[in-house]
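*Asks:* Here's a structure for you.
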Amino acid sequence: MASTSYDYCRVPMEDGDKRCKLLLGIGILVLLIIVILGVPLIIFTIKANSEACRDGLRAVMECRNVTHLLQQELTEAQKGFQDVEAQAATCNHTVMALMASLDAEKAQGQKKVEELEGEITTLNHKLQDASAEVERLRRENQVLSVRIADKKYYPSSQDSSSAAAPQLLIVLLGLSALLQ
């Protein structure tokens, strides 16, 4: 048999004890950290799965749904408001255009009224003149009628006014037709 020689690192005894104590300390520290972190994790897990937590989660989800619905309704309301504002602007523009048109129509109507008033004044003057002329001709006609009647009773051969009577009658009829 061959001889075997084992070479061991010779470690002093005191170093081995220090190592064991160090490993034991690290192990205890790790175990302590696991326990310190594990206990709150277990408590958190229990609380997270509790009925109150689930109710809170449901409430949060409902709030999100309601918030989303309200945001949609707000968006629709804002769009509707913008549409109404656009319609109001159109209506205001139309009203302004109609008011301008109405003012123009009023001015034109006032001008027409003034023209008609002037024409009425002119026609009234013509009517007064024609009435005065008719009155004058009526008096002349009466005078001529009296003369004609006198000539029937007192005939005269040199009377030229009897030929003017039919002409005067035609003038009177023409004037009365104009007045009507």
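We count from 1, first residue shown onward.
Glycine is no exception: its Cβ is also placed from the backbone N, Cα and C atoms.
As the structure is a computational prediction, the values presented were derived from the model and not from experiment.
Quick paste of what Swiss-Prot says about this protein:
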type	residues	note
COILED	68-152	coiled coil
CROSSLNK	Lys18	ubiquitin cross-link
CARBOHYD	Asn65	N-linked glycosylation site
CARBOHYD	Asn92	N-linked glycosylation site
LIPID	Ser161	GPI-anchor amidated serine
TOPO_DOM	1-20	topological domain 'Cytoplasmic'
TOPO_DOM	49-161	topological domain 'Extracellular'
TRANSMEM	21-48	transmembrane segment
*Asks:* Averaged over the whole of the topological domain 'Extracellular' (49-161), what is the pLDDT?
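*Replies:* That region's mean pLDDT is 87.
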*Asks:* Whole-number answer please: how many Å between the C-alpha atoms of Asn92 (N-linked glycosylation site) and Lys18 (ubiquitin cross-link)?
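*Replies:* Just about 96 Å between their Cα atoms.
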*Asks:* Which ones in the same chain are close to Asn65 (N-linked glycosylation site), with CB under 8 Å and 6+ residues apart in sequence?
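*Replies:* Same-chain residues close to Asn65 (N-linked glycosylation site) (Cβ under 8 Å, separated by 6 or more): none.
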*Asks:* Below 8 Å Cβ to Cβ and six or more residues apart, same chain only. Which residues does that give for the residue listed as 'ubiquitin cross-link'?
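*Replies:* The list for the residue listed as 'ubiquitin cross-link' is empty, so the answer is none.
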*Asks:* For the topological domain 'Extracellular' (49-161), how many residues does DSSP put in helix, in strand and in coil?
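*Replies:* DSSP classes over the topological domain 'Extracellular' (49-161) add up to 104 helix, 0 strand, 9 coil.
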*Asks:* Using DSSP and three states only, what is Lys18 (ubiquitin cross-link)?
*Replies:* helix
